[in-house]
Amino acid sequence: MAVEDEGLRVFQSVKIKIGEAKNLPSYPGPSKMRDCYCTVNLDQEEVFRTKIVEKSLCPFYGEDFYCEIPRSFRHLSFYIFDRDVFRRDSIIGKVAIQKEDLQKYHNRDTWFQLQHVDADSEVQGKVHLELRLSEVITDTGVVCHKLATRIVECQGLPIVNGQCDPYATVTLAGPFRSEAKKTKVKRKTNNPQFDEVFYFEVTRPCSYSKKSHFDFEEEDVDKLEIRVDLWNASNLKFGDEFLGELRIPLKVLRQSSSYEAWYFLQPRDNGSKSLKPDDLGSLRLNVVYTEDHVFSSDYYSPLRDLLLKSADVEPVSASAAHILGEVCREKQEAAVPLVRLFLHYGRVVPFISAIASAEVKRTQDPNTIFRGNSLASKCIDETMKLAGMHYLHVTLKPAIEEICQSHKPCEIDPVKLKDGENLENNMENLRQYVDRVFHAITESGVSCPTVMCDIFFSLREAAAKRFQDDPDVRYTAVSSFIFLRFFAPAILSPNLFQLTPHHTDPQTSRTLTLISKTVQTLGSLSKSKSASFKESYMATFYEFFNEQKYADAVKNFLDLISSSGRRDPKSVEQPIVLKEGFMIKRAQGRKRFGMKNFKKRWFRLTNHEFTYHKSKGDQPLYSIPIENILAVEKLEEESFKMKNMFQVIQPERALYIQANNCVEAKDWIDILTKVSQCNQKRLTVYHPSAYLSGHWLCCRAPSDSAPGCSPCTGGLPANIQLDIDGDRETERIYSLFNLYMSKLEKMQEACGSKSVYDGPEQEEYSTFVIDDPQETYKTLKQVIAGVGALEQEHAQYKRDKFKKTKYGSQEHPIGDKSFQNYIRQQSETSTHSI
């Protein structure tokens, strides 16, 4: 979901690795241990939660989280909670990283000190207010000044203990006076619309005996200030909770009698002091935040066209895509946007075939084919993740769930056996699990996605042509990906492939490790399988699988998935679970009385239907066939005073649903829109608000069947597997080329050196693969020109945006230090560029 900004789309995403916490304060009980979990928050909205690590003051989480960020935010925060089964979970501490500081920690493991959490540390939100100073004549004929302070509204206030009933106090304060007034309480909203005006008499001539006339300009303007405090009205005995404050000196009225601005709320000046950072422990994180500013498609045509013809360039090492892989620090950086771009334009198979064939030609030993982290290997990995994720789930998820739920002991290392465990029983348990997983894989060939099969066919042909004396190389070239890089890693770490929500427990993790090792060896078709294990107990266990039927099953499977032109008519017809989870739904009006209006339900989406159930595994309470989904749109918060709501519109009614957070709401809207995109009766207009009390809240139309009053949002690609924005991927590639511009220039030098010098290669150029210096130089020149043109467009956009930026507007409230730094930097840049 992109934020539109005058024709330019802004995409935000974050990839997080939550490592471990250390030296948490001990629990004040006899055990001193804690049961802790970590949450990821956009400001204070939780978007992810790790598993609970029990009885530890140094919990290891080892969890990964990725999301597209659908809204603006100021801080990426991480809270460490201590679980309490009897009371509300307590916060131990938090890490808050300002959005502008995220690049400092980009893709680096970093230890952060946990900070104390109190009312002042949790301040967030902004306030819109107006000040107006006017002269009035009193009944006695004396002229005095009156200040009108209007509190218009607030946005994004924190939610305290699940609720927010805010009010504001407005105080005119000076050295010798303090006069306070209070707004009404606004119930159940963190975006209150106050629109209240308070009047203060600024000058009081009678109180000044030494002067017959009071000079506002000379005396009061530097001494008085307006202070606005936001509070959450509470029924608890501890009193109302502080939400934030702002202070405005009346000197802002020197130039004009009126003033209007947005302000960020701030903590109190005398807020409670934090504990020493090392009192609360620390948290290890790795954060990759990406922000893409994407222009319209025509801006990217030169660079995109250059990339898309990479498969046709001879040699392929002189192509723009291959050059990107050469200059990036890690091949994975280049592979991700390249594969997505080529998939979007249907060019991934010829491109991967070209670079894989070139790699095979450089390989000397058939036993090491595709074993390195080359661009070809990384591109195939990425293609399997994108195109094969549903195939992976259909194939492995039932077996993985059974292993996690049955929890049978499978330890076969005699040294690690627990008391009471039997080695033979454990071996039999493990053998049954391996058989179940192995057969699930080898019988899934007909479901393998076509794009993967086409790539495997090209790998097989290239390997067989290069190593004609090795009859098995046509199998190992394919198995090195489908087994070694696809199935085995998914079995080993199912949470990384969304097969499980979190890391598995230690016993299950050990079982999956043993299964993964065995399946990987079975798939490798190694001639000396027992010798491939370092551990003697694994070699002993593998004797169970020395029968020829296992090798035959692997070969039949590999033959099937690497066949040319195979198409599976059943693959699209099979029900595929696309997304599931708990959400809140509103009753659809079948019973008007005696029923709770909002209920928690388990939702499940397949490529056939959208259903909800009382709980996971139950029979569906309601089902919507995909062809009956006419539109999926956000629902305005004012409809039910609830955030993160959306509507699934059907022919007869709309189903109103509340997701758990903004990220989850975006994910559901996107996937539901995708699967219903091809429906012939999709709506073009809809009602953005609910139908309540006999009319639509948005347009006031009385009929529940009245046509919509707002246009439906733009559709997404209909392919249920892939949602790729070609312009965004080209922008990503531009950013990488721009980041590694010095390497591009160095590569140009290397081409020139190779063209004129025939001797030993200079060491500084030896890292580049340059088969044809002239062709490579030609492509480099085009790449640098394309990147330069886009860089100029970005620079012009920044200059134009800076000219239009107003400090104190709703988009850029006063009080953001990082924005002040931005203003200063842009001012300096503009000065230098004149």
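Heads up, the Cβ atoms here are built off N, Cα and C, so glycines get one too.
Looking at the stretches 13-49, 568-604, 679-715, the one that Swiss-Prot records under the feature zinc finger is 679-715. Per Swiss-Prot, the phosphothreonine annotation among the candidates THR110, THR606, THR779 falls on THR110.
Cross-referencing SER272, SER809, SER830 with Swiss-Prot, the residue annotated as phosphoserine turns out to be SER809. Cβ atoms within 8 Å of the centroid of the Cβ atoms of HIS687, CYS698, CYS699, CYS709 (the Zn(2+) site) belong to the same-chain residues PRO688, SER689, TRP696, LEU697, ARG700, ALA701, ALA706, GLY708, SER710, site residues excluded. When other Cβ atoms within 10 Å of the Cβ of THR110 (phosphothreonine) are tallied across all protein chains shown, the result is 16. Of the candidate recorded positions, ARG371, CYS699, CYS709, the one lying closest to THR110 (phosphothreonine) when CA atoms are compared is ARG371.
Cα-Cα distance from CYS698 (Zn(2+) binding site) to ARG371 (site 'Arginine finger'): 59 Å (rounded to the nearest whole number). Looking only at the recorded positions ARG371, HIS687, the densest Cβ neighbourhood within 10 Å occurs at HIS687.
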